[in-house]
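**Q** Structure provided below as structure tokens; questions to follow.
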Amino acid sequence: KLWLLVSLRLGRVRCVHGPRRRSEQPGDVVVGGSFTIFYLDEVSLLKFTSPPAALTSLNLNIWGYLVTQGLVFATEEINRDSRLLPNLTLGFSIWNSGDLVSGALREAMAFLTARRNPSNYMCQASPLRVALVGDTRSAVSIPLARLLGLYKFPQVSYSSTLAGLSDKTQFPSFMRTVASDLTSSHMVAQLVLHFGWSWVGILAQDDDYGQQGSALVIQELVQARVCIEFNLHVPSQESLEKTHAIIHRMKVCTAKAILVFLSNKNFQLVLQGLLGSGVVGRIWVSQDTLHSMLALAVPGISQVLQSSFGLKLLHHRQVPGFLEFLTHLHPARTPEDIFTQRFWEVTFGCTWPSRSPGPAENSTGTGGIRFCSGNESLTGHEYPFQNVSNLHLAYPAVYSVAHALQDLITCEHGDGRCADTRRFQPWQILHHLRKVHFKTPDGKDIVFDANGDIVTEFDILQGQKTPEDLFHFVHIGTTDHRSSSGDRVTIHWTKEEPQVPSSACSTSCTPGFSQIPQQGAPNCCFECRPCPEGQFANQTDMKWCLLCPMDQYSSHARDHCLPRTENFLAFDEPLRLTLTSAALTLATLALLVLVVFLKYQDTPVVRANNRAVSLTLLVSLALCAICPLLFLGHPTVATCLLRQTTFAVVFTVAVSSVLAKTLTVALAFRVTRPGGRVWVCLGPGISTSVILVASLVQVILCGIWLGTSPAFPHRDMASEPSHVIVRCHEGSRAAFSYVLGYLGLLAGGTFSVAFFARDLPDAFNETKFLTFSMLLFCSIWVAFLPLYHSAHGKATVAVEIFSILASTAGLLCSIFLPKCYIILLRPEWNTPAHLRN
């Protein structure tokens, strides 16, 4: 890795500038003169050779060199601006930290104590030291920030992201133009939530960067109920044994989304270990795009990234003119700059003759070495990382220091006192640096928060595979942590929206199913169970099913509720029309028989069959026939009160009339002498008394029923899922049982009397007809009871209506049709002589 540290020095324009000179020695590079930026990083370049193992170091050093050029570009751009820092010139000094804490502290102390003075200017006084830009890695920036914080000396880092550096108590002079791990981790978590990944894995470096970054993401994801399959800590120092264990764990994991908090080297080791393992389709998500660019340079790595894409966060836009600035680099312009010579060699794959041990007579030297001619052109040449990585990282840092100097000189955002450009204290420039707010020439808004962190948004880049089996990064969206939680991630696909891979422990539960957690597994691992009857789930991955409203029922798929239909014998149903027609027909028949009996009431047949009781029986049978009309239609309070009581009373009258007729016949043949006690029972008022007493008992029972717990309309929601059964609730079950029980007892007694009198010598076989009618009546109602209790809905009402009509028809036909046959068709039988015979 390459780590950069820069210093700023301030002086007057009247200083005489020497040529810009570069040296391989740290601390010797100075450009400008008026004031100087101190820039520290590892900027040495390695010559690329054929072994792929050198690829990582080579790419990193090229990246570091190009970032250094971003500092040079920003400095020269500021010096050309007549409005920013007029009459002053910005210079810089580049130092090599070697990616070591000791190297960074040594070079920083040398800069602060002026033990090494730049020699490319000639001024009367040493230029003022303004600020330090760097270092890249947080582990190196922390000791520097502690040292510089003692003197309130401004330090602006462009790549140190450790969240702890935001603590102004420990690091009072530290600023940065990059988002902290806290912000970046929050945006990574928002990205995970936006794409609905509920099952993720984490690869974290075993250092402050990896542990803090992963801990922040885990905390936020756990609160959002996202499950972490694994959180593997990759050792900072190379350990083949631990790395192999991590790679083996990666091979068996099921999470598709992998959050990366690794160094470039460790990230490559993991990907290389997965080559040929069959692991495909992973989604690699990190806070920077440099990881993936380095990984994609490894031969064959596309096997691991096949049918997957990575979403990366970027926080800078391309600076206009910077790539054109790079095309003008040439070793001849700065012959003392060995970095440019090595960059030239790496870019064009050649060697400068002066660096070759042999003679350089031809373009190709001994051993196949190709020499650089100097005629190569960088115009149109694609540099490594130029499309995806932040080569101009130091660009906003330099501008921040320049605007702080501008505010210091013009007394803006200050306490009313202007600073002398030849003498000021470090805390003064730090005071103004914290309050800068400006836009860079590339249009980026620069402002720092109270912790010295830049307030920024992120760009989301997606690695897409081309038909040529290459990967390139496409900008697909933005994130902004300042927005509300629902608007922090915005995706705008440039072409047809691709299929975003899912990352879940269990297959998503479709509507109609609910999640059932697996015992001992995380909450993201579950089974899908269909919703039971009366419940529904109208969304995906619902934790539990919802109850349908009382007037609705769940659909067959259990994904929504449907309105229930009311179930009752409506007037427009065929069954209702059939039962109504049968009831009216039977009532008409009973009335016709009544008319016949009234017309022929003085004939022997009518008089011999107890004319008054027969007429009463016919009237009650007519009422029994029309009684089912109360059971049809939508139940109301009135119909519920009348239907069962009316049925019980009229049938009691009918059965008691049959009992009176049966008793009269049976007792008539038991009379042996006039004036006996049995003869008293044959008086004209006895039959009427039997009917009245029997009916009165039933009326009393019905009155008690209506007075204590009457029937009422009821909507039954439980019997049928898709219907609301509208029926009459009988109120008191005991009272209803008593009423039916009394009617059954009366019918059973009547049948017994008729059965024992069936063989009496009745001329018109009256007892046989009465016995048969009561047998038919009792059979119908015995069969009615189980059918009534097993039926549901309107079938219950239909069963009761059918029983009423059938029993009424049985009594009417069994008792009166034979008599009507004699009266109407056999009048010769309807004579006293025939009766006496």
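One-based numbering along the chain as shown.
Including glycine, each Cβ sits where the backbone N, Cα and C put it.
For reference, TrEMBL lists these features for the protein:
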- 575-837: domain 'G-protein coupled receptors family 3 profile' (DOMAIN)
- 577-600: transmembrane segment (TRANSMEM)
- 612-633: transmembrane segment (TRANSMEM)
- 645-669: transmembrane segment (TRANSMEM)
- 681-706: transmembrane segment (TRANSMEM)
- 735-757: transmembrane segment (TRANSMEM)
- 769-789: transmembrane segment (TRANSMEM)
- 795-817: transmembrane segment (TRANSMEM)
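Would you situate these features in the structure and describe their surroundings?
**A** Predicted-model confidence for the domain 'G-protein coupled receptors family 3 profile' (575-837) is 84, expressed as mean pLDDT.
Residues 569, 606, 611, 614-615, 618-619, 621-622, 625-629, 632, 798, 801-802, 805, 808-809, 812, 816-817, 820, 823-824, 830 of the same chain lie 6 or more positions beyond the ends of the transmembrane segment (577-600) yet place their CB under 8 Å from a CB of it.
Cβ atoms under 8 Å from those of the transmembrane segment (612-633) belong to residues 568-571, 576, 579-580, 583-584, 586-587, 589-591, 593-594, 597-598, 606, 639, 642-643, 646-647, 650-651, 653-654, 657-658, 660-661, 664, 684, 687-688, 691, 797, 800-801, 804-805, 807-808, 811-812, 815-816 of the same chain, restricted to positions at least 6 beyond its ends.
Counting residues 6+ beyond its ends, the transmembrane segment (645-669) has Cβ neighbours under 8 Å at 609-610, 613-614, 616-617, 620-621, 623-624, 627, 630, 678, 681-682, 686-688, 690-691, 694-695, 697-699, 701-702, 705-706, 739-740, 742-743, 746-747, 749-750, 753-754, 756-757, 760-762, 766-767, 770, 773-774, 777, 804, 807-808, 811, 815 in the same chain.
Taking Cβ pairs closer than 8 Å, the transmembrane segment (769-789) reaches residues 655, 658, 661-662, 665, 744, 747-748, 750-751, 754-755, 757-758, 796, 799-800, 803, 806-807, 810-811, 814-815, 818 in its own chain, all 6 or more past its ends.
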**Q** Please give the sequence-distant neighbours of the transmembrane segment (735-757): residues at least 6 beyond its ends with Cβ less than 8 Å from one of its Cβ atoms.
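**A** Answer is 644-645, 648, 651-652, 655-656, 658-659, 662-663, 665-666, 669, 694, 697-698, 701-702, 704-705, 708-709, 767, 770-771, 774-775, 777-778, 781.
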